[in-house]
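Undergrad: I'd like to ask some things about the structure below.
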């Protein structure tokens with residue numbers, strides 16, 4: 001356990017992301033009407049949607065049980081791999097650890113939805129005029145931020161020789 005103590009904060013970050021994700025999805029599901037936009041700004045709405053597909057609602061028209069099982073399994077495998085990476089990553093690799101924690105929290109937040117509801121709740125709707133970015137949630141944001149940070153770190157940090 002002493003080996004994991006320095007990495008505990010990264011697991012706590014993942015748990016906080018899961019909690020924020022599930023709580024905001026609960027609020028959206030409780031207070032928003034399905035597919036009815038609530039205008040917040042000229043470029044941002046809250047719009048409750050149920051995503052039966054993958055990221056950006058890919059494959060969402062084909063709502064089959066194999067698809068739910070496949071996406072749930074992929075999320076669970078990703079979470080297991082991320083936990084392993086956090087455990088094995090040197091404590092000095094803080095950017096990687098932070099990124100892995102973001103992705104882990106997001107993967108588990110969306111896994112929960114898929115496993116217990118059969119779909120992921122999306123509600124954040126950004127747009128320019130009539131062009132809407134696909135709706136998303138806190139988990140999606142955490143995953144995206146984690147991946148972007150990992151890519152940026154790999155591109156802009158020098159490897160020690």
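Just so it is clear, glycine is given a Cβ too, placed from its N, Cα and C backbone atoms.
I grabbed these lines from Swiss-Prot:
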- 122: active site (ACT_SITE)
- 140: active site (ACT_SITE)
- 8-28: transmembrane segment (TRANSMEM)
- 40-60: transmembrane segment (TRANSMEM)
- 67-87: transmembrane segment (TRANSMEM)
- 91-111: transmembrane segment (TRANSMEM)
- 136-156: transmembrane segment (TRANSMEM)
Undergrad: What whole-number Å value do you get for the CA-CA distance of residue 122 (active site) and residue 140 (active site)?
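TA: Between the Cα atoms of residue 122 (active site) and residue 140 (active site), the distance comes to 9 Å.
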Undergrad: For the transmembrane segment (136-156), what are the same-chain contacts with Cβ under 8 Å, counting residues 6+ beyond its ends?
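TA: Counting only partners 6 or more residues beyond its ends, the transmembrane segment (136-156) has Cβ contacts under 8 Å with 17-18, 20-21, 24-25, 28, 55, 95-96, 98-103, 105-110, 120-124.
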Undergrad: Give the number of CB atoms, excluding that of residue 140 (active site) itself, located within 10 Å of its CB.
TA: 21
Undergrad: Run through the Cβ atoms and count how many others sit within 10 Å of the one on residue 122 (active site).
TA: 23
